[in-house]
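Participant: As annotated by TrEMBL, domain 'PROP1-like PPR' applies to 181-283, 284-397. Sequence annotations record features per position, and here TrEMBL assigns region 'Disordered' to 489-511. Annotation comment: TrEMBL describes 129-163, 198-232, 233-263, 269-303, 304-338, 339-373, 374-408, 409-444 as repeat 'PPR'.
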Amino acid sequence: MAVKTILPQQKLRYGFLCFSRLLSSDQDLTNTICRILSDNRAPHHDLSSHLRPFSSHLSSSPSLISSILLRSRRLPHASLSFFLFLSSLPPPSPLSPDHFCVLFSSLSTSPSLLPHFHSLLFSYRSLVSHSLFHRMFSSYARHKLPSEAVSVFNLMADLGFTPSVLDLHALLYSLCKYEFVSEAEQFFAEIKSQFSISNQTYTILISGWARVHDSKRALKLFGEMLQQGFEPDLPCYNAVLAALCRAGELESAHEQLNKMQQVHKLEPDAATYSAFLRAATDKKDLNSTIRVLDRMKRSGLTPNVFTYNIVIKLLCELERIDEAYELLDEMLLRGVKPGIWTYNPILAAHCKLKESNKALRLVERMDSESCSPDKHTYNMLLKMLLDVGRINKANELWEGMEKRQFYPPASCYAVMVHGLCRKRGRVEEACGYFERMVEEGIPPYADTCKLLRQRLIRVGLRNRLDLVADRMRRSSSCKIRELSSIMDGSNRTVDEETGEEGETPRQSLYS
């Protein structure tokens, strides 16, 4: 009698109902439920029937819900279905305003789903919060939809919220951050009579003009502020100085600095010097950069993390890594906590010079100082380790990602697949990473599919290629199913630059 073989992935997918009672921790439940969401992500899937056995766990653990929503934020359809299932559970509802915010973050990765979220706003008014509106402002601006961001602000009153000046500031800041400064100033002009505006309001807009290097518009707005009778404060002057320095108008910047000190009796702070520091680093002028930094210290000011970061980045670009480490040590002595933007330039310098041991020690230092690596950290390090032939170390680094609560996106998988494909005898290992990516429901890049197909054919592994193509055709992800045509050779004209969330493969591999 023939015995039916049950594949490991089938056990994982369908055996959870038998073993759910044995799950002993929230981490186990998170892993299991996230797998269910991944396997039932399509809109037509009956996710509720798979989730029902876990109802009691979910009803009693808001933290479990948070973990699942955070882990599944790249699965917007599944996240929405999961949220709707939770809302159908008997009272009291386990859902909170924080869960609603995380759901929005997930749906915002797919702009086509944003209208669905708008319909939810009125159905779940009790879960709407000021922080949700602020997150929506930022998301719409990031997706280059400034008018929609303004519409959300106008929607606040319909949902029972009286917009405050803090909400106005959040909207203006989001628009300016993504360089919609004209739209921000226009809306400000229309609505300013309804709010008690302050120096901070003008400072946000002036900083926006500084971001887009338009010193004339910044000075014009600054003049309007003075005419309105507002006394400029230090942050406002710093925004003006940043606008002038970024435009390369250093003489005018020094004039404004003198006026700030002599007329308004304001003393420079770390942000003041940072404006001049950025101007020097933009010109790759290390001597001027060091002079500004020394002047800052002589004034008794502790540079902030942003100031240190731009100097460290310049030192690393000039391959003066030892001096960068000296500044890193100085930061800690002065009580300034380094961040990912501090470490990544140093790591990039080590990777450029193929200094694998120093790079790995730097990541250990990051761990000891509670600074979590991001995708750029991993991409740089993995690519360098593969380039120098330290394959086992790259695999070890990969396996340690989950312990750091990092879940690799398509760009990280692409680094591994491309790197291993170019190593003799490692094509099957590359294929293993590709299969894991497909299994996780993460669409690969088109050129990753093409490269793996070419290598599998070259080494005579057509059967493995057929299995991979078949797995892609059966994926619940529409994008992966589309890409299967590259793997099976039926479509050789797919754009090689196609990538998830707007990233191109070439950018991802070398970021």
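Just so it is clear, glycine is given a Cβ too, placed from its N, Cα and C backbone atoms.
TrEMBL: automatically predicted annotations, no manual curation.
Since this is a predicted model, take the numbers as computed values, not measurements.
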Participant: As a test of reading the model: what is the averaged pLDDT for the repeat 'PPR' (129-163)?
Facilitator: 94
Participant: Within the same chain, where does the repeat 'PPR' (269-303) have neighbours whose Cβ lies under 8 angstroms from its own Cβ atoms, ignoring anything closer than 6 residues to its ends? I mean 6 or more beyond.
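Facilitator: Contacts with the repeat 'PPR' (269-303): 234-235, 237-238, 241-242, 244-246, 248, 250, 253, 257, 310-311, 313-315, 317-318, 320, 334-336.
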Participant: Take the repeat 'PPR' (409-444) and count its residues per DSSP category (helix H/G/I, strand E/B, coil), listing them in that order.
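Facilitator: Within the repeat 'PPR' (409-444) the tally stands at 25 helix, 0 strand, 11 coil.
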